[in-house]
Structures are given as structure tokens and as C-alpha cells.
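Take a look at the structure below.
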Amino acid sequence: MGGLDALRQFNLLKWLREERQSRKLILFIVFVALLLDNMLLTVVVPIIPSYLYTLDESTDVLKNNTAPKQDSPASFQSIVSLYDNTVRLSGFNTTARTTDLLPLTPTGTQLPPNSTDCPRSTNKLINENVKVGMLFASKATVQLITNPFVGPITNRIGYQLPIFAGFCIMFISTIMFAFSSSYALLFVARSLQGVGSSCSSVAGMGMLASVYTDDEERGHAIGIALGGLALGVLVGPPFGSVMYEFVGKTAPFLILAFLALFDGALQLFILQPTKVTPESQKGTPLLTLMKDPYIIIAAGAICFGNMAIGMMEPTVPIWMMETMCARKWQLGVAFLPASISYLIGTNIFGTFAHKMGRWLCALIGMVVVGISVICVPFARDIYGLILPNFGVGFAIGMVDSSMMPIMGYLVDLRHVSVYGSVYAIADVAFCLGFAIGPSIGGSIAESIGFPWLMTIIGIVDIIFAPLCIFLRNPPGQEEKIAILMDTNCSMKTRSYSTQGAYYQGEDMDPEYDDYD
């Protein structure tokens, strides 16, 4: 009976309000925000290429049906779908499977075993590269433009309001994806997501950096938050492809919209986004941070590392349809190894990179990204993609979990410890990779082929890797170095405050290792 009485007296909303100063709840909110953002980011990867192809094919069929016919009434024209190989007969207004109606190969020629999924011609598929690439790049491009404004805004009004605004915009974008039936509306929905992502990621990372002031703890917290990003990337493609194959395009986006409502309610009760809580000190100007060579190197590693997966997302599904006769569900499942390994990499190196040296972790990661990407075109079936995709995801996890904490550390070491602007730069770098990658990747794949595209980005990553050596011992202001050392050494026994909320350091590591 005592347990039942305690359960009746338990008030969830009251508990949330009492615990809203908890660092772990704030970390959970950022985790969920990044999870949903990246699920929406990647759930479209297997859906959009096939869906756009279907839209274009339907348009072609409509034009053929409405065009004046020169043939006799008894004749018909056969229109072959390049994706599912159905044949539409414009003269009789019927559709039949190729295997049931028309022999499309000469007598005696045998089709490959998976021929029902193979496109008969690849011209239209190759042309889809540019459209898909531009659509995918629109989100990152808009986010890239928005980030320089969001960073300084968080310095003035705090992190709570921008991260809640990001949720609202993301919810609208998700609903638009669910019900859009044209390329233009899908483009608007993807672009709108960029605004929401900018608010969520910049404010979320800045909030974590301000709450976790110890460098090692910050790296661990950001590693966990990036685990939300990784989980979104992990779940998105297979979730989208399976739902699209067996339920339809609308279903996955409606489910994401429902999950977003849960995240919004959580933010509303814990963060109280109606309150404006500006930083207590004026942060370093954005342009000053952008001129810091060490911040630029860290941002460059984030950019070029993620540019590899940014180029793969729009081009690999089309390449698989062209060379492997892949089914719809396989287009998303192919990214599963990269997603799983990214989740593993961010969780392992969020803490371990502090001990081995984040510069070394990033250097190794960039080299492994380059080698793995170059190996992708050598795959001859979906199973051949497992190892190179696993390597790409694991290595990018190494880079992100090393460079994100370094951005906060460099601000502590060389500038004013206000984090909105520096994580705006980090997000700009991330977005550059996902803007440049899909936009030029589709064009390069169309012009010189998918294998050369992977070779180019792989070589770029390998060439950039040695620059991470400069992050080994970045110089800083002497007084700030002394403050950082004193702060980290005494973190076990003292409590500290962040934006007026006090947190106790009972879970903290009593030892402080050097940055390397």
C-alpha cells in the first residue's frame, strides 16, 4: 500500500519543474533534439530519390497519354518504368508487369535473377542525381546562412528560447514533408528544416558547453549528445525505407511529428523558454573567432569529414539502383553500418579522445574516412558496402567527438567563455559539408561517374588530415590557462553556477589529465 500511496502522490510535472536545473535532464533534452533533427535529416535519404523518380515518371506518362497519337487505334506505345519495370500501355490505359506481358530481351537471352528490380535504362536515373543533390543540399545551405545569426542571438537571450523555436520550426517542416506531393514543396520543407536545425544544434551545444565547464566532462557530455545525432542517423534511413516500402511516404513523417511533440513538451516544462536569460559576459565577436586559425582547422576537419557522407547520401542510392538493382528498402539499409559505427565511435571517443589526444583522434579519423570512401565503389552488392560504410561512420564519429569539444576548449583557452558563436561556427562547418557535398556531388557523379566522385573526396580528406597536428598544443592566454587548470583541479570539491542555476560536481572525475 505504501508503494501505491507514493505513486499517487508522485506528480510528474512537479518533478520536472524541480529537476529542471539538473544537468542530466538538459543533456537528455539536447540528445532528443539532435535525435529527431537527424532522423528527419536522414529518413528522406531512401525516400526522395525513388519518390522523385516516380513523380517524373508519372508526369511522362501523363504527357504521353494526352499527346496526339499518330498510330492506328489498334496500336499502342509501351512505357517502361526504370525503377519497378512495369509497362504502361498508353493505347489501352493498362499496366502490366514486364515478365507477364512483353518480352523485353531477345529470345534466348536470360535476365539476371533480380531483373524485376533492375532499370532497363539508366539515363533518367543519372539525371536524378542533380535534383536529389540540390534538394538534400537546401537544408544545409539554409542552415549555413542562419547559423551566424543564431549564435549571437543565443548570447543575448540565452539558449532556451532558440532551442524551443527550433522545435516549432522542425514540427512544421515534418508536417510539410508528410503531405508534399511536388518537388517545390519538398524543397521548401527541406529548407525550412535548416532554420530549425540551426536553432536546435547551436543552442543545444552552447547550452551543454556552458553547463559542463570541465573539459573532460564536456567531451563526455558532447559525446553523449552526438550519440543522439548518431542514433537519428542510424534509425532514419532504414526506418524511412521500410515505412515507404510497406506503408507509404506519409507515415514516417507523421510518426516523427508525434515524437517532436514529446520533445517540445519536455522543453516547455524543463527549460521554460518564455524566460530570457542572457549571458553574464559579452562573448568574443563572431568575426574574431572566424579569424582564429586553430578554430578554422577544427571546423575544417568537421566540414571535410562530413562532406564525405554528404556526397554519399544522394548518390549511393542512385548508384545502387543503377548497378545493383536494389529494392526500395535496401536503399536505406545500406547506410545502416555507417550509422551503427558512428554511434559506437562517438560514444567511445567522446571520453577516450581526451586521453589519447583529440588532435590525434581527428587525424586518424580523417585518414580512415578517406580510405573507406575510396573503397565504396568497389562493392558489387549490398553486402560489399558493409565494411567501407562501417569505416566511414566510425571515422566520422572519431572526428566529430574530438572536434566538437575542442571548439569549446579553444574558446576557454583563447577567448571569452561564451559558446553560442563558436558552436555556430562548428555548425556552419557541419552544414558546409552537407551543402557542398550533395550539391556538387550529384553533378560530379553525373559528369565523371560515381567512382571518381568517391576518389576525389577521399583524397581531400587524407590531404587535410595532417593539419590536425596543429591542434596538439594550441597557445592560449597565460591567465586563462591558469584559470582552466585551477578550475579543473578543484572541480571535485566545489560547486559552480551556470546562468544562475547551481550544479554539484558529485559525478566528476577527481583527476584532471592534460589536454593531450
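Positions of Cβ are set from backbone N, Cα and C atoms, glycine also.
Per TrEMBL, these features apply:
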type     : residues : note
TRANSMEM : 25-48    : transmembrane segment
DOMAIN   : 26-476   : domain 'Major facilitator superfamily (MFS) profile'
TRANSMEM : 163-188  : transmembrane segment
TRANSMEM : 221-239  : transmembrane segment
TRANSMEM : 251-271  : transmembrane segment
TRANSMEM : 292-311  : transmembrane segment
TRANSMEM : 331-352  : transmembrane segment
TRANSMEM : 359-379  : transmembrane segment
TRANSMEM : 385-410  : transmembrane segment
TRANSMEM : 422-444  : transmembrane segment
TRANSMEM : 450-471  : transmembrane segment
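For the transmembrane segment (221-239), the most Cβ-contacting stretch among 251-271, 331-352, 385-410, 422-444, 450-471 is 331-352 (pairs under 8 Å). Note: the stretches the transmembrane segment (251-271) and the transmembrane segment (163-188) are in contact (3+ CB pairs below 8 A, sequence gap of 6 or more).
Of the two recorded stretches, the transmembrane segment (422-444) lies close to the transmembrane segment (292-311), with three or more CB pairs under 8 Å once pairs fewer than 6 apart in sequence are set aside. If one looks beyond the transmembrane segment (25-48) by at least 6 residues along the same chain, the residues whose Cβ comes under 8 Å of a Cβ in the stretch are 16, 19, 132, 135-136, 139, 163, 166-167, 170, 173-174, 177, 186, 190, 193, 196-197, 200-201, 204-205, 207-208, 211, 221, 224-233, 235-237, 239-241, 244, 249, 252-253, 256, 259-260, 262-263, 266-267, 270-271, 313-314, 317, 328-329, 331-332, 335, 339.
Only residues 6 or more beyond the boundaries of the transmembrane segment (450-471), in the same chain, are considered here, and those with a CB under 8 A from a CB of the stretch are 293-294, 297-298, 300-301, 304-305, 307-308, 311-312, 315-316, 319, 358-360, 362-363, 366-367, 369-374, 376-377, 406, 437, 441, 444.
Between the transmembrane segment (331-352) and the transmembrane segment (163-188), the number of CB pairs under 8 angstroms, six or more residues apart, is fewer than three, so the stretches are not in contact. Between the transmembrane segment (359-379) and the listed ranges 163-188, 292-311, 385-410, the one holding the most Cβ pairs under 8 Å is 385-410. With pairs at least 6 apart in sequence, the transmembrane segment (385-410) and the transmembrane segment (292-311) have 3 or more Cβ pairs within the 8 Å limit; the two touch.
Mean pLDDT for the domain 'Major facilitator superfamily (MFS) profile' (26-476) in the predicted structure: 81.
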